[in-house]
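Over in TrEMBL, the protein carries these features:
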- B:37-56: DNA-binding region (DNA_BIND)
- B:14-74: domain 'HTH tetR-type' (DOMAIN)
Protein chains: 2
Amino acid sequence: MATTKTPDATRRSERSRRAIFDAALELVGEVGYDKLTIEGIAARAGVGKQTIYRWWPSKAAVLLDAFTAEAGDGEAELPDTGDLAADLKRVLRATVDEFNDPKFEAPYRALATAGANDPELSQQFVIKLQDTGVQAYVNRLGKAKEAGHIAEDVDVRIATEMLLGPFTQRWLMRSGPLTYEFTDTLVDLVMRAVTPR
Amino acid sequence: MATTKTPDATRRSERSRRAIFDAALELVGEVGYDKLTIEGIAARAGVGKQTIYRWWPSKAAVLLDAFTAEAGDGEAELPDTGDLAADLKRVLRATVDEFNDPKFEAPYRALATAGANDPELSQQFVIKLQDTGVQAYVNRLGKAKEAGHIAEDVDVRIATEMLLGPFTQRWLMRSGPLTYEFTDTLVDLVMRAVTPR
């Protein structure tokens, strides 16, 4: 028998989904990935655990959707004003704000460290999440290369890693402050590396 | 009463020290930092746990000494043949070999991820270990700057992070292969960023 959801039921579903995502992100930041459970997420979200299992097969699946919903689809593409350095600085400054926000930072750190310990989780999940971000830079640098703003022989993926690697390392190991000054300097140096002579 | 160690006793101490270091590095790679205990290290090394407590106050202290002994004192300084690019490529190729060696990789990964989760461990220990490596690069780049091989306005610490960040990220997140080709390309790009125009 086919059923059609009423508008009210759809709104209720959407509210539950948001509550589940919020609960999953909060909890993974508090207890870490290993101790995160579907039961815990359900209790925090105020829903039955069957509600979660109906939509997602595992805690990893819930978290992946939660992060994706948080990031929003639009951010998969970098701005292109024609000024590569300015665009990179703008996006990296926004990323500084994000990584200095505990609400984002805690769950992301929990996942990154769980992924570093667990090759399978890393392959299925952490990489998937990171690759979306990395790919956005690779695409933007690729367009700049086509436009002649980046030298022919530059590997745009490695150039991307030169921008994001130092940032992620400082964050993950807390080995230096994440500031606009840091990311601006990084962009200026990478621009010198990639700009045609 | 003053006691003087016989040569035999000194040799025995040195053997115990090496056995304790090997046991600590093996075990942290196998069980992770959280589950590592002085008792476990003592059992693996075939010594009494009092022997360990006599020399080190904590498992962190044992590991720090074990890593330092492993790395050797000599490596705190980078070679300086006058050819910066060649020196950096040589050292990074050696680092590729090291990080592709499970005997080194496993304990270092266990520590890096424990440090990412634990700010205090990170500050006292991971950073201390990493900083020795980072500082060697900063010093080498600093000398190149004095010799006029690096532009006046280049921040040598950030240039170092551009070399080491992408490397560490690929390794930690397993997001790409650690090869000579990768590190050579990285050095070439960083050289373009820092060389005076």
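From the backbone N, Cα and C atoms, a Cβ is placed for every residue, glycine too.
In this model, the domain 'HTH tetR-type' (B:14-74) carries an average pLDDT of 88.
Here the DNA-binding region (B:37-56) has, by DSSP, the following mix of helix, strand and coil residues: 15 helix, 0 strand, 5 coil.
Listed as Cβ neighbours of the DNA-binding region (B:37-56) (distance under 8 Å, sequence separation of 6 or more from its ends, same chain) are residues 16-17, 19-20, 22-24, 26-27, 31, 62, 65.
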